[in-house]
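Trainee: When I checked TrEMBL for this same protein, it listed these features:
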REGION    16-44  region 'Disordered'
DOMAIN    38-100  domain 'STAS'
TRANSMEM  158-179  transmembrane segment
TRANSMEM  199-224  transmembrane segment
TRANSMEM  284-304  transmembrane segment
TRANSMEM  341-362  transmembrane segment
TRANSMEM  382-400  transmembrane segment
Amino acid sequence: MPHDHDVAISRLHRTARPARGPFGAMTGVDSQNGGEPPKLEVEDDAGRRRVRLTGSWRLFNVSDHRKRLAAELEALDSPTEMTWDLSDISALDSAGAWVLWQAWGGQEPAELNCRDPHRQRFERLANAPEVPPRERRLSLIDLLDRLGGDLIAVARHVGGMIALLAGVLVDIGTCAVRWRLIPWREITAAIYRSGVSSIVLLGVTGYVIGVVMSLQIGVTLSSFGANQRIIGLMGLAVLRELGPVIAALIQAGRAGSSITAGIAGMHLTEELDALKTFGSSPRLRLVTSRVIAMMITMPLLVVWTDGAEIMGGATTAQLDLNVPFALFIARLPESVQMYNFWLGLAKGAIFGLIIALVGSYFGLTARANTDSLSSQTTRSVVVGLSLILIIDALSGAILAKMGLI
């Protein structure tokens, strides 16, 4: 267990902050306080050990030399029975006095030689009421308080997203009536950033997933001699679930975080204020344009991911299960009903709306500092991924009740 004076010096170090010069450079701690570093010397005075202190025993000095002072104070044997000479120190504030008081075990040593102002500091510490340590017990009330706070935060975010969605719908309706208000440049730029630049990533990921799925399913099918059944199983899983979900999860991490970071960064550069100053709607330029772009690109990316996964599955089926590639492609439309394909496209559009809406919301609610930017970007990705999985599960349950699965 660490000694009290070691803990005390560590606490002082955490509270101390180095001073900065007029041009932002950090100045030396000792030079800032105008004194020498604190020193401790042990001498023998007529058979009695005497501790002589010199230098400046102030907050910044003590925290800067905390390791050395802690080791020297810890090495003292029975410090309260020694003679302490503080007459040669240049400065002593409450922080330095507290460190010494902790080293003395909370009582004044037998012989103390110091100036009156310094002695008054030790007297105040001796007369200070003892504060009992606070017991931190997690009671039921604390749990309910935390749960209530979390629920309020969730409700606030849900309400904010619904309000933002309502505003986006108003913008879309306005643009449908007044075509000249459509932000074509922002929409096309968002389509390129969120769609075109993701083609390679989604293609490679989809192909690898198709290969892995075909290998895993093929092990079971080959044991029953039903190798060609892989066509229907792969087609159904890819078109209805894997294609839309994989594309959405990747885009939530890639495009969703980019949207949040881009909008949150505008708080730092004050671009949002500039848009408002020029009379331009930040929601139309930044949110609605991204929502439209994501709802256009996500169905297309779902088709691309479906194709990559099917290609990977067909290649592995030919190599591992002796199912010809041409037969796989020819039998696929017969094995899977067409509505599964359209269902996957509809999921892609909904997922695109969720990704853009969540990313824009957390970007708009960020504060003008880098800590908020990073935390909001993380929240955007986490919430986006969670909503995608929740919506996918709900849609599966609804379709099962309707008899479409």
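Please read every residue number as a count from 1 along the shown chain.
Placed from the backbone N, Cα and C atoms, the Cβ positions cover glycine too.
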Trainee: Per the definition of 3+ C-beta pairs under 8 A with sequence separation of 6 or more, do the transmembrane segment (284-304) and the transmembrane segment (382-400) touch?
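Mentor: No, the stretches stay apart by this measure.
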Trainee: The domain 'STAS' (38-100): mean pLDDT?
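Mentor: The average pLDDT of the model in the domain 'STAS' (38-100) works out to 81.
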Trainee: Tally the residues of the domain 'STAS' (38-100) by DSSP class, grouping H, G and I as helix, E and B as strand, and everything else as coil.
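Mentor: The counts are 25 helix, 27 strand, 11 coil.
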